[in-house]
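Reviewing the structure listed below.
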Amino acid sequence: MNPYVLAILLSSLGLGTTLTFASSHWLLAWMGLEINTLAITPLMAQHHHPRAVEATTKYFLTQATAAAMILFASTTNAWATGEWSINDLSNPIASTMFVAALALKIGLAPVHFWMPEVLQGLDLLTGLILSTWQKLAPFALIVQTAQTIDPLLLTLLGATSTLVGGWGGLNQTQLRKILAYSSIAHMGWMIIVVQYAPQLTLIALATYIIMTSATFLTLKMSLATKISTLATTWSKSPVLASTTALVLLSLGGLPPLTGFMPKWMILQELAKQDLPLIATTMALTALISLYFYLRLCYAMTLTVSPNTTNSTTPWRTQTTQVSLPLALFVVSTLGLLPVTPAILMLTA
């Protein structure tokens with residue numbers, strides 16, 4: 001892709017998200033979401049592969065549907081209350097429609113079906129943008145309006161997403177689909193606590209972005225897109241393989257890695273709010289997710305690669321990827337748990 005075009009598209013991505021962050025008017029927020037969608041569409045279709053074009057079309061249709069629902073919800077709310085302010089979402093029909101639209105935008109269950117299919121059709125770097133940056137603007141709107149939304153609806157969305165995210169990833173062999181289900185499960189953790197402690201949602205979102213970036217960049221470094229390719233990583237680069245295994249365990253939420261921090265704090269908050277049953281359900285769904293991360297670690301570090309792989313074995317291929325972002329994300333993914341008190345102090 002032409003570097004000037006790429007610069008325009010990436011700056012438009014930044015502009016769309018910033019516009020949604022800064023807006024207090026529904027139309028401005030909607031405009032920011034639309035700029036975001038239109039900026040990432042050419043990035044998704046840049047390889048001209050039928051799968052990439054199919055993924056782009058699916059993504060565009062779902063995002064356009066969600067944007068239309070947001071516009072309809074905001075118009076309904078303005079009609080009922082006479083207010084276009086984001087903080088004044090008092091109409092129950094409008095708020096339910098708005099939550100459904102944002103759930104579709106970020107891929108929460110039960111409107112998650114587009115997410116694994118779209119991510120599977122993209123290359124790893126565009127998939128990274130879709131899994132991290134594209135979640136920021138919708139989450140800004142969710143955090144702003146969380147107090148006006150029905151708590152039962154948010155709890156149901158969160159619990160369903162963690163269950164579907166864990167369950168759906170069990171039978172997958174493609175790494176991008178596994179990461180898509182991982183994303184759905186993490187979104188569920190963030191949504192379930194947003195009504196009680198929005199700062200915990202932001203901490204969970206920040207750690208999710210760090211861990212997912214580390215995962216995508218390590219997979220890109222080892223040129224792996226399916227489990228059978230992971231088995232060859234140990235022979236090629238033992239350090240990268242062991243690092244990837246630790247990053248995956250951090251995504252699963254094992255102590256003493258960074259991924260344990262948001263789960264621990266969210267479970268603690270749910271217990272404080274007298275919701276022990278929901279906290280137990282969330283902890284059990286985290287175990288289901290942990291199973292498929294362990295399966296990846298097992299394939300990568302504890303199995304010898306088969307002599308006849310169907311894919312081309314990238315034994316000594318040189319990568320052009322800059323390793324500094326990878327190093328920073330990996331260090332953050334593995335070692336932020338000890339600074340939890342400091343993070344809590346900053347967000348209090």
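Placed from the backbone N, Cα and C atoms, the Cβ positions cover glycine too.
Caution: TrEMBL annotation is automatic and unverified by curators.
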May I ask you to indicate which of 30-48, 239-257 is given in TrEMBL as transmembrane segment? 239-257
Taking residues 6+ outside the transmembrane segment (152-171), which of them lie with a CB under 8 Å of any CB in it? 96, 99, 103, 108-110, 112, 116, 146, 177-178, 181-195, 278, 281-282, 285-289, 291-292
At least three Cβ pairs under 8 Å linking the transmembrane segment (178-196) and the transmembrane segment (277-294), pairs spaced 6 or more in sequence? yes
Taking the transmembrane segment (202-219) as reference, the highest number of CB pairs under 8 angstroms among 60-80, 239-257, 277-294, 326-346 goes to 326-346
Long-range Cβ neighbours of the transmembrane segment (60-80) (under 8 Å; 6 or more residues past either end): 26-27, 29-30, 33-34, 37, 41, 88-91, 93-95, 97-98, 100-102, 104-105, 114, 118
Would the transmembrane segment (92-115) count as touching the transmembrane segment (239-257), i.e. at least 3 C-beta pairs under 8 angstroms with sequence separation of 6+? no
Go through the chain and flag residues at least 6 beyond the ends of the transmembrane segment (92-115) whose CB is under 8 A from any CB in it; none is fine as an answer. 33, 58-59, 62-63, 65-67, 69-70, 72-74, 76-77, 80, 134-135, 138-139, 141-142, 145, 148-150, 153-154, 157, 160-161, 163-165, 180, 183-184, 187-188, 191
